[in-house]
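Heads up, the thing below is written out as structure tokens.
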Amino acid sequence: MQIIIVLVTFLNIALILLGVISSAWRFHYSLTLIIAILLIPITAYLMLLTCKTIPNPLYTKLATLFIAIVPFVFTTKYIANGVEEHEVTSDMINIYLNGYFRWSIHGSHYDLAPLDAILKVMLTHITGSNIYDPVLGVVMYGLFGLASLLTVYTFAKKISGRPMLATAIVLLVMTSYPYSPLVGLVQSPAALSQLLAFIALTIIVKSLLGHSSFSARDLIAALIFIIHSILLHPSALTIPLYLALIALLLAHRGELDRHQYLLYIILASATIYMYKALYTAFATSFIGYLNTIVEFVRGVFSEEAIELTTRNVGYSALPRLCLTGFALLPGFIGGITIALMFNFFKKKGASLVEGLFLITAALYAFISVCSLLIGLGGISQSRVLFNGAQPYMELILIIYLSTLLCKIRRHVLLIPLLIASFFILLTPNAMPLNYTIPMATKGPTLNDHIVSYTFTQLVEEEFYATLYRSCGDSGRILVLQERGEYSYGIGSTMAIVRYFIAPRKIPAKSYWDPCVMAIHAVPAIHKKFIINRVFDAWVYGFYLYIC
């Protein structure tokens with residue numbers, strides 16, 4: 001049986017490699033890659049069957065190899081599309097062209113330091129490549145996932161003493177929810193911020209549980225990861241909040257005196273976040289965001305009629321099986337929480353691991369309820385809210401399961417995670433290119449990139465500046481990729497950043513500038529414009545609307 005499991009693991013690794021190669025520059029995932037992705041949770045669960053034997057060095061090496069290759073599966077989209085291009089590309093262009101960073105063209109809350117864009121430009125200069133290189137993008141983002149997986153894997157292996165068990169738990173937990181940062185690796189910078197916070201929390205919790213002493217080296221490493229996480233995305237606000245909850249738990253248990261370093265980390269992370277908020281003027285937009293949430297929550301209890309819609313217009317057409325992961329993981333966590341609470345009242349106490357799980361589950365439940373209320377209020381902000389809690393819940397769940405299963409070995413407990421992971425890997429978050437519904441996660445293909453940049457660079461600077469000054473009233477420029485009744489324009493958006501915004505040909509600071517958006521939007525009244533079809537071939541089109 002163990003030989004079969006080893007062969008299945010080797011087969012999964014081989015299929016992943018062949019699948020990535022066969023999907024390159026194909027604009028979709030090949031059947032081989034789809035099978036390899038869906039085989040990941042099955043292979044992980046089968047590894048549990050080897051846990052009853054004495055650890056074998058071969059199993060350790062095989063488990064490490066398998067867990068090291070999985071993160072790169074979730075960055076394959078760039079190789080399949082033939083180009084790395086997304087919203088953060090605007091900041092890469094800005095830094096690459098000007099040689100320094102002035103402000104974020106992507107969004108004002110990234111003004112302090114968009115670290116992912118800075119890192120990509122540095123790697124571009126080092127390798128002599130370009131900022132659109134898909135292979136470089138796959139390697140860079142994949143290494144973020146690899147670092148987080150290996151960090152928590154070594155910790156889980158230390159707790160359980162069995163590499164195969166640690167591999168199974170880590171992979172099943174970190175692929176069991178659509179908004180898991182590992183599954184959403186290509187959704188930079190939110191996922192990267194979460195993964196860095198994940199690594200920092202692993203270092204801290206390892207010391208809290210007594211598996212290592214917290215040294216000055218650990219303090220420096222944790223602070224570096226936390227600082228980078230905060231700089232990458234505003235959702236890192238939950239870092240000091242979550243650490244404060246842990247500090248309260250330790251104080252309740254009378255153990256805070258032995259972990260005074262936690263207070264310094266909380267103070268440092270809160271200070272850095274506030275500095276970033278003030279520097280980027282995010283505080284103002286954050287207050288507006290909170291006001292919006294309050295209005296939506298208030299709308300839940302009002303008698304006004306509201307219309308519930310999906311955040312993405314295409315998600316209402318998703319197969320219902322894709323919703324399985326949304327329900328299974330919270331239900332699984334809820335079941336464990338109820339059992340722990342029952343034991344807590346029965347034994348009148350809980351271990352530190354159980355206490356960490358309960359406070360994390362409480363935070364997770366609070367954010368889930370907020371997400372539900374906001375959705376009922378008329379809009380879904382679940383993705384934004386879960387960004388702040390998902391990585392912590394995954395970390396504590398991995399630690400708890402590693403502690404539990406190394407004692408009772410009831411591997412049937414992981415079947416819900418197996419089912420959740422399997423169906424999550426069928427969702428657009430894991431396979432964005434194999435769905436025909438419109439999604440921002442698809443990203444532009446190499447064809448989109450070529451068409452957009454080729455025609456946009458032909459537009460005269462003065463002509464574009466005139467259109468900008470008229471805010472689109474005297475003309476519009478459209479470079480579109482059509483898929484059915486929907487169109488995508490991220491390629492043309494980055495093209496205008498490259499030729500007009502970053503070189504300062506127009507005074508716009510961002511592609512979100514209303515006049516820039518107006519120039520690249522179909523006019524509501526077509527009659528007042530003369531439509532010039534410059535180029536139109538299959539799904540691509542370049543049009544000029546001149547008044």
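The backbone N, Cα and C atoms fix where each Cβ goes, glycine too.
TrEMBL lists 5-25 (among others) with the feature transmembrane segment.
The annotation transmembrane segment is assigned in TrEMBL to 31-50 (among others).
What TrEMBL records for 62-80 (among others) is transmembrane segment.
As annotated by TrEMBL, transmembrane segment applies to 135-156 (among others).
For 163-179 (among others), the entry in TrEMBL reads transmembrane segment. When Cβ-Cβ distances below 8 Å are used as the criterion, the transmembrane segment (163-179) is approached by residues 40-41, 44-45, 47-48, 50-51, 55, 59-60, 63-64, 66-67, 70, 149, 152-153, 156-157, 325-326, 328-329, 332, 382-383, 386-387, 390, 394, 397-398, 401-402, 405-406, 414, 417-418, 420-421, 424-425, 427, 429-430 of the same chain, each at least six residues removed from its ends.
As annotated by TrEMBL, transmembrane segment applies to 191-209 (among others). Non-local neighbours of the transmembrane segment (191-209) in the same chain are 116, 141, 144-145, 147-148, 151-152, 155, 181-182, 184-185, 218, 221-223, 225-226, 228-230, 232-233, 235-236, 239, 242-243, 246, 250, 259, 262, 265, 352-353, 356, 387, 390-392, 394-396, 399; each lies 6+ residues outside the stretch with a CB under 8 Å from one of its CB atoms.
The transmembrane segment annotation in TrEMBL covers 221-252 (among others).
Sequence-distant contacts of the transmembrane segment (258-275) (same chain, six or more residues past either end, CB-CB distance under 8 Å): 204, 207-208, 214, 219, 222-223, 226-227, 230, 236-237, 239-240, 243-244, 246-247, 250. TrEMBL lists 258-275 (among others) with the feature transmembrane segment.
Using a Cβ-Cβ cut-off under 8 Å and counting only residues 6 or more beyond its ends in the same chain, the transmembrane segment (321-344) has close neighbours at 176-178, 350, 354, 357-358, 361, 364-365, 368, 393, 397, 400, 416-417, 419-421, 423-424, 426-428. Positions annotated as transmembrane segment by TrEMBL: 321-344 (among others).
Under the heading transmembrane segment, TrEMBL lists 356-377 (among others).
Residues or ranges marked as transmembrane segment by TrEMBL: 389-406 (among others).
Cβ atoms under 8 Å from those of the transmembrane segment (413-431) belong to residues 29, 34, 37-38, 40-42, 44-45, 48, 74, 168-169, 171-173, 175-180, 183-184, 187, 315, 318-319, 321-322, 324-325, 328-329, 331-332, 401, 404-405, 437, 439, 441 of the same chain, restricted to positions at least 6 beyond its ends. The transmembrane segment annotation in TrEMBL covers 413-431 (among others).
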Stretch among 5-25, 31-50, 135-156 sharing the most Cβ pairs under 8 Å with the transmembrane segment (62-80): 135-156
Non-local residues, at least 6 beyond the ends, that sit with Cβ under 8 Å of the transmembrane segment (389-406): 51, 152, 155-156, 159-162, 165-166, 169-170, 173-174, 177, 179-181, 194-195, 197-198, 201-202, 205, 209, 238, 242, 333, 336, 353-354, 356-357, 360-361, 363-364, 367, 413-414
Sequence-remote partners of the transmembrane segment (5-25) [C-beta within less than 8 Å, at least six residues beyond its ends]: 32-37, 39-40, 42-43, 46-47, 49-50, 58-59, 62, 65-66, 69-70, 72-73, 76, 79-80, 82, 446
